[in-house]
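According to TrEMBL, the protein has these features:
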type     : residues                                 : note
DNA_BIND : A:16-55                                  : DNA-binding region
DOMAIN   : A:80-180                                 : domain 'CoA-binding'
BINDING  : A:G90, A:A91, A:G92, A:N93, A:L94, A:G95 : NAD(+) binding site
There are 2 protein chains.
Amino acid sequence: MKTPKISEAVVRRLPVYLRFLNELKANEVLTVSSQDLGQKLDLNPAQIRKDLAHFGEFGRKGIGYDVSYLIEKIRAILKLDRVMNVALVGAGNLGRALSNYNAYLKDNMKIVAIFDNVPSKVGETVNNLQVQPMSELASTVKNREIRIGIITVPAAEAQNVADSFAAAGIEAILNFAPVILKVPSHIRIHHADFTTDLLSLAYYIEEEEEHE
Amino acid sequence: MKTPKISEAVVRRLPVYLRFLNELKANEVLTVSSQDLGQKLDLNPAQIRKDLAHFGEFGRKGIGYDVSYLIEKIRAILKLDRVMNVALVGAGNLGRALSNYNAYLKDNMKIVAIFDNVPSKVGETVNNLQVQPMSELASTVKNREIRIGIITVPAAEAQNVADSFAAAGIEAILNFAPVILKVPSHIRIHHADFTTDLLSLAYYIEEEEEHE
């Protein structure tokens, strides 16, 4: 049976739910209401009930959602029950910072290889991974069955890295370089851009001021 | 006249439009169609027309949108025509990486101060800013009229930083620490989490495989 098609907005919210649910589980909380989820995650409880209803009726009136069950269900929908190896290109400040997140990448998703084309960086150890030269990208992607690539190089080099990822058979890319990249249509690319978050914050500041 | 209330999803897309429009302008492109915007930004052209229609009828059939006019309009809506100073706490890899983005933060939004509570980091220069001790946060926020705070400290310290921001009068926070923070209700907080982007990418990889 195929999972019904889920909107992009919902797919992007599921990991947010998952993160909070994992926190609750670590604190031995057994059930959670859509009100509590909404308050904690700054979302409308009705929206949360609607999101979660995509996957069947989990919640029970007056009791809420079973935390462990919901975690399992979301993990299955996001297919985090399978190995999903990640390669990162760009061992600068951002690449190093992101590789620190490995500890938070629960389940089977891990950054397993880091690449850079700067000779002085090759061979350095970043979070237990040795930085490899770009010439090893294709063979490492194949041998380690890497399916996702992260780009943390400067804007001017990002398209080259995307091309290398595409040639190596990477299926999805998370791009942090502040430039829009072209990739073949079978590759899913997300552009991560913290300036987007910052600029949209400004909208809310001024809004609140005007309404006061 | 007040700007009509715009949904969070649209507000989050506006900076993405803005970035691409600025690129077009730099390349001396004068007009753009919703089809071109959609293709470049991986959005449905109908969605784009709907988003932009919030702000009056910009587009003209067969000609498209006037790039410069659309930039001005979006800047006004996001209120990027005003000074919006930003403080960053946490001069580690991520903080350093983010402060590099200052060059891309066009307009009046800039990181103008960096803080850290690690003595060895205080006084270091990061992208032309000297790292200041946390004891100077409140006075600097006041003197520089800083309204937005960015948190790039480890998870265990993030709530303390959020509390310090709140006490100093910061109005909005962008949190990169992988933990959900509590702030007073008048403060807008966005949680930036690259693991969310990564985990949602996995959903699409597997989806495509199943449909093949």
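One is the number of the first residue shown, and numbering goes on along the chain from there.
Heads up, the Cβ atoms here are built off N, Cα and C, so glycines get one too.
Curation plays no part in TrEMBL annotations; they are all automatic predictions.
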Determine which residues of the chain contact the DNA-binding region (A:16-55) at the Cβ level, with the cut-off under 8 Å and only residues 6 or more beyond its ends counted.
4, 6, 10, 63-68, 70-71, 73-75, 77-78, 106
Using all protein chains in view, find how many other C-beta atoms are within 10 Å of the C-beta of A:G90 (NAD(+) binding site).
26
Of the residues in the domain 'CoA-binding' (A:80-180), how many are helix, strand and coil by DSSP?
36 helix, 30 strand, 35 coil
Among all the protein chains here, how many other CB atoms are within 10 A of the CB of A:G95 (NAD(+) binding site)?
27
Residues from the binding-site residues A:G90, A:A91, A:G92, A:N93, A:L94 that lie close to chain B, Cβ under 8 Å, in sequence order:
A:G92, A:N93, A:L94
Can you give me the average pLDDT across the DNA-binding region (A:16-55), rounded to a whole number?
85
DSSP-derived helix, strand and coil totals, residue by residue, for the DNA-binding region (A:16-55):
28 helix, 2 strand, 10 coil
